[in-house]
Amino acid sequence: MASSLSVRVGKALPAVALAIGAAALLFRDVDEAFKLLEKGCPDSAAYSWRSNIPVVDKMLCTLVNFFFRAQSSDDAKWVTGYIATLVVSLLAFMAVEGSRIKSGLFLSATWFHGLLLQILGVSVSFPLFWLPAYFLYDGGNREVSQVWNKKISLARVAAIGFAFLFLWLNIIALFFPLKTDQKQLACLIFLVMPAIVTTLYLPFTTSPDAPQQKGHKGVIALHLLQAGLGLTWHLIAVLYVLRDPELISRVIKLFTSFKTEEYPVYFVLIDLVALFLSFVYLTAVEDGFLIALLVSVGAFIFGPAFVVSAFCVYREQCISNAVSVMRTKRKD
């Protein structure tokens, strides 16, 4: 049975509270940090592109400096790698859920959410806007009678996978040993890449007569790929720690105190933790405390991006099984 409106609103409220808490942590001491980041902008930018609109160029230069500093040390790369892979896994989940035949207008506007996450921070935009809408649309309903609403075409899934290749290439460029101007250009592209990627697959819609099980199998393959990429980064991150055992303790200290120049690393660290907690809350709502606990513990063993995508595989398999049950009932 579909949840009542009051129940759905009740599910959304903790997500909003989490977003507000994340915002309070993210934007503390932001004024001092951005004074440092915008120093000399836009003339200090190493990349050559300019819009010739002073306000825009200064803003872009400041944001590029933010992402550039978020990879300026091993500690920064360690945290940024985790948030980058987690964001891709989450975007894949959002892309799929926004592509289902009855996803709802707000969830289907994936380009809008891709833009919001760069403006507010993904740990604020996801629980503040997307997750409440997901609950209000009853997006987690996997009842047998409702599985036809979960249909997604294989062509749409393939288009999502293709579009995400560009996002992965951009993320790899952020960590690649490029010259300063090239690295800053990669950061500049990353500012708009999530919004661009989430529009590339929009022309591929899901028709009512599209084969359903093929679409679900495609979704499972997509999330398995994202899980593999997330696990790959986690193994790389383990090597960072083996090389420098004090890395984790330095990162943990950022929760309580950080220098002004360390603000970008602090920001992405809070982004990482708050975003993952938002997803853990989603798993608890959909599948209960035990699954949420397994996801939480699994993040330490396999990495957060892996467990997010692994959960997406699990829930898609549940939907696929429900489709098979419904078909069997119809035959009977």
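Glycine is treated like the rest: Cβ placed from N, Cα and C.
So that you can see what the record holds, here are the features copied from TrEMBL:
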TRANSMEM  12-28  transmembrane segment
TRANSMEM  78-96  transmembrane segment
TRANSMEM  116-137  transmembrane segment
TRANSMEM  157-178  transmembrane segment
TRANSMEM  185-204  transmembrane segment
TRANSMEM  224-242  transmembrane segment
TRANSMEM  263-283  transmembrane segment
TRANSMEM  289-314  transmembrane segment
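Comparing 12-28, 116-137, 224-242, 289-314 for CB pairs under 8 angstroms to the transmembrane segment (263-283), the maximum falls on 116-137.
Counting Cβ pairs under 8 Å to the transmembrane segment (116-137), the top-ranked stretch among 157-178, 185-204, 289-314 is 185-204. Through the fold, the transmembrane segment (289-314) approaches residues 82, 85-86, 88-90, 92-93, 96, 219-220, 223-224, 226-227, 229-231, 233-234, 237, 272, 276, 279-281, 283 of its own chain, all at least 6 residues removed from its boundaries and within a Cβ separation under 8 Å.
Within the chain, the transmembrane segment (12-28) has long-range Cβ neighbours (under 8 A, six or more residues past its boundaries) at 120-121, 123-128, 131-132, 135-136, 267, 270-271, 274, 277-278, 281.
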